[in-house]
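Taken straight from Swiss-Prot:
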DOMAIN    1-54  domain 'ClpX-type ZB'
BINDING   CYS13, CYS16, CYS35, CYS38  Zn(2+) binding site
BINDING   PRO118, THR119, GLY120, SER121, GLY122, LYS123, THR124, TYR125  ATP binding site
Amino acid sequence: MANEITEQEEVKCSFCGKPQSQVKKIVAGNGVYICNECIDLSKKIIDDELKADSIKETKDLPKPMEIKKQLDEYVIGQDRAKKVLSVAVYNHYKRISQMDIDSSGTELQKSNIALIGPTGSGKTYLAQTLAKILNVPFAIADATTLTEAGYVGEDVENILLKLLQNADYDLERAQRGIIYIDEIDKISKKAENVSITRDVSGEGVQQSLLKILEGTIASVPPQGGRKHPQQQMIKIDTTNILFIVGGAFDGIENIVKNRLGKKTIGFGAENGLNQVDADDWQKNLTTGDLVKFGLIPEFIGRIPIITTLDKLSTKDLIRILTEPKNALVKQYKKLLSLDNVDLEFTEGALKAIADMAISRHMGARGLRSIVENSLMDVMYRTPSEDNIEKVEITKDVITKHAQPKITYKENESQEASEAAK
C-alpha cells in the first residue's frame, strides 16, 4: 500500500526526478515514487483524453434529421412521432457525452418518452429501430407482468437484468441502453376511490418504477427472480438509461375531448359542446389527461416527452408490407427464392391483407400472421417440388382461402388446387 515518505534521506520522484524538498508530497509505491505534481499532471492527461473521447462521441452521434431519415427506411408513416423521438434520443445521448466535460455546473435532466397509440401502430418497432440505429443495448418489458416488490409477479429490477443480458453483461454499455416498457396504460390506478385492497399491479408498480426512471443505483439479482439476503447483487446506475413507455390508452381521446368541450354552467352548456376533430385530441393531450386516465403525477413527471401515434390506414399497411428495407413481402420473397421460387402478391391480395389486419384491430402487428397463413401450403410444398417456378398470391387466397396460382418450369400453369392431391 502506498504511504507517504518520511525517511531522513531525500528521495526523488521516479517520473520527473524532482527531490522531495522541491515538491509538497511524495508517495511511495512498490519501489517507485511519485510527487503531487506528477499526480496532478497524470489526472489532467486522463481528463483531457476523456474529454476528447466525449467530443468524438458527440460528433459521431447521428443528428435528428439523420435519425429520422434512417427511421423512414424501416417505419412507414408516424412522422410526428419519428421527429419527436429523433430529437429526444439525440438530446439524451448528447447529454450523456457532455456530462464529463461540462464545467459550467448546469445539470441536464434526463427526458424519458411516452408513446401513445393504438395496437399495431408501431410503438415497439420504433423503439427497437432507434436502438438499432444508435447501436445501443435494448430490452422490452411488459408492464402487465410487473408487481410491487414482495408480491407474486416480476420485480421492476428484472427489467434492468434483461438489458444487462442483452448487453452481454457489459455493465457500461447496459447503463447507456434503451428500455421499452409496453402496456404502460395497464398499470393505471384501478379506481379513484379508496379500496382496502392494495393495488400492487397498478399504482404500486408506478411507485416502484419512479426511482429507476429518474436515475438510481439499482440492485439487480444476476439470475433474475426474487431477491434473497445472501444473494450477491449487480449494481446498475439507471441515470443514463433511456426509458420509453408505450400503451394504447383506450379512451384517452374521450378524456381530452370532454376537457376541451366542456363549458361553464349556463345556457347552452349541454348542447354547446365544441366539436373536437380526431387530430385535435392528439395535439391537445396534456399530462393532466394522463393523470385523469390513472397514471400518478409523480410517474408522469418523470416522463416529460409525450407523443402520439396515428391509427394506420389501409394505404399505410400496404406500404408497410412492401416498402421498408425489411418489409414482410420482401422477407417472404427472399425466403422462397432460396428454393428458386419467385413469389408475387397482386394488388388485390395486398389490400385484402391490410383490410383483414384492420378488421382484427391488430394494425401492423397482425400482418405477419395473415401472410404466414396464406403461404403455409406453398412453403410446405416448394422445398419438395423442384419444378415450381413462380407462386402468385391473389385476393381470393387471402379472403376465400383459395389455392395460389402456381407456374411450373415446364410452362405448365394451373391452379394449385388442381395440382395438389
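Cβ coordinates are placed from backbone N, Cα and C, and glycine is handled just like the others.
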Binding-site residues compared (PRO118, GLY122) - the one with the fewest other Cβ atoms within 10 Å: PRO118
Densest Cβ neighbourhood among CYS13, CYS35, CYS38 (binding-site residues), 10 Å radius: CYS35
Additional residues surrounding Zn(2+), by Cβ distance to the CYS13, CYS16, CYS35, CYS38 centre under 8 Å: SER14, PHE15, GLY17, LYS18, VAL23, ILE26, TYR33, ILE34, ASN36, GLU37, ILE39
Separation of alpha carbons, CYS38 (Zn(2+) binding site) and PRO118 (ATP binding site) (Å): 61
Packing count at CYS16 (Zn(2+) binding site) (other Cβ atoms within 10 Å of its Cβ): 13
Under 8 Å by Cβ from SER121 (ATP binding site), same chain, sequence gap 6 or more: GLN78, LEU309, ASP310, LYS311, LEU312, GLY363, ALA364
Long-range Cβ environment of TYR125 (ATP binding site), under 8 Å and at least 6 residues apart: TYR74, VAL75, ALA364
Intrachain C-beta neighbours of GLY120 (ATP binding site), sequence separation six or more, cut-off 8 angstroms: LEU312, ALA357, HIS361, MET362, GLY363, ALA364, ARG365, GLY366
Sorted by sequence, non-PRO118, THR119, GLY120, SER121, GLY122, LYS123, THR124, TYR125 residues with Cβ within 8 Å of centre, ATP: GLY117, GLY246, LEU309, GLY363, ALA364, ARG365
Inter-residue C-alpha distance, GLY122 (ATP binding site) and CYS38 (Zn(2+) binding site) (nearest angstrom): 55
Distance from CYS13 (Zn(2+) binding site) back to THR119 (ATP binding site), taken between C-alpha atoms, in Å: 68
Distance, THR124 (ATP binding site) to CYS35 (Zn(2+) binding site) (CA atoms, angstrom): 55
